[in-house]
Each structure stands twice: as C-alpha cells, then as structure tokens.
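*Asks:* Below is the structure I would like to discuss, written out as structure tokens.
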Ligand SMILES: C[S@@+](CC[C@H](N)C(=O)[O-])C[C@H]1O[C@@H](n2cnc3c(N)ncnc32)[C@H](O)[C@@H]1O
C-alpha cells in the first residue's frame, strides 16, 4: 500500500521531526510512505474573511496539484467521522483488498482546509472534536497509521 501524507507548512520543532522520522522508519516495513509539505500562507492574526478565503484557496491549489484521480483522499477534519483504531485499520485493509492502494491523507494548516479539498474528499476523518496543532497532528496521524498496520498484520503493539 502507498500512503501519502500532504501537509500544509513545515515542521519547526526538532522533537516533532524526530518523532516523524521514527514513525516513518517503523512504517517502512508495511507501506511506501511519502510526506509532502506544501507552502503555507502567512496571514495576520486579525485577517479578514476575504484574506482567509484567499489564503485557503492558495494552499488548496498547491494540495490539488498533488492529487491524482485514482487517489483515495482522506481529509483530516475536526467535524469528520470518528472511529476507533480497529475500525480505522479495517477501513485501510478494505481499501487494500479492493485494490485501492493509494491513500492520500491531507492535514490542513493553521487555518484548516479549503472547501474544494473537502468536496473532493472520499473520507472525512476526525480524531476527536478537539483541535490539535497541525505540526503535532502529523505525528498523531503517523502513529495511528502505524498502529493500523500492526492491527492488520495481527502483530502485538502496546495498548
Ligand atoms: C490547527 S488545525 C486547523 C484548525 C482550523 N481552525 C480548522 O477548523 O480546521 C490544523 C489541521 O489539523 C488537523 N486536525 C486538527 N485537529 C484535528 C482533529 N481532532 N481531527 C482531525 N483533524 C484534525 C486538520 O487537518 C486541521 O485542518
């Protein structure tokens, strides 16, 4: 299976980079992992609605450049569908069995994801109703994908 993670903005914290590298290394045994970072738009704290919309559209265009028609697009959205790790693993496994082997996860930047990307989404996935920072969220997603492959392969992993 090919897992691609498209993210908006760079990782600035060393400890997060180390955690990402660790999970990327672990995932090597289970899938082909690609992480793509697209440039984020810098907008002021007090940006107007129009400025936000423009910034979201620019980030969205950069993301769309990487999407292929056959990709299963999984958008990470706070208001998406919540599930437990077993169901998450099962859904990934089912896509694999159906021959849909290119899963593309998209994590928004600090201002979220634009409507065009959300509209194109095949699977809107929420990890809870809480808001996590986008840099940390990359680690959380990688850990859950790793956990999913451990579950799919019937391997033990700490609970
Ligand atoms: C700081 S959040 C963006 C917050 C923005 N106000 C919004 O409503 O999307 C950055 C990104 O992290 C991801 N994210 C954060 N918390 C999440 C959660 N609980 N479930 C799913 N994705 C989450 C989403 O992709 C989000 O676009």
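Glycine too: its Cβ is placed from the backbone N, Cα and C atoms.
According to TrEMBL, the protein carries these features:
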BINDING   76, 108, 127, 128, 129, 130, 131, 132  S-adenosyl-L-methionine binding site
*Asks:* Counting only residues 6+ apart in the same chain, whose Cβ is under 8 Å from the Cβ of residue 132 (S-adenosyl-L-methionine binding site)?
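*Replies:* Sequence-distant Cβ neighbours: 140.
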*Asks:* Could you tell me the maximum Cα-Cα distance in Å between the residues recorded as binding S-adenosyl-L-methionine, namely 76, 108, 127, 128, 129, 130, 131, 132, rounded to a whole number?
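*Replies:* Overall maximum Cα spacing for these binding residues reaches 15 Å.
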*Asks:* Neighbourhood of the S-adenosyl-L-methionine site (76, 108, 127, 128, 129, 130, 131, 132): other residues with Cβ within 8 Å of the Cβ centroid, in order?
*Replies:* 78, 126, 137
*Asks:* Specify the count of other C-beta atoms within 10 Å of the C-beta of residue 108 (S-adenosyl-L-methionine binding site).
*Replies:* 25
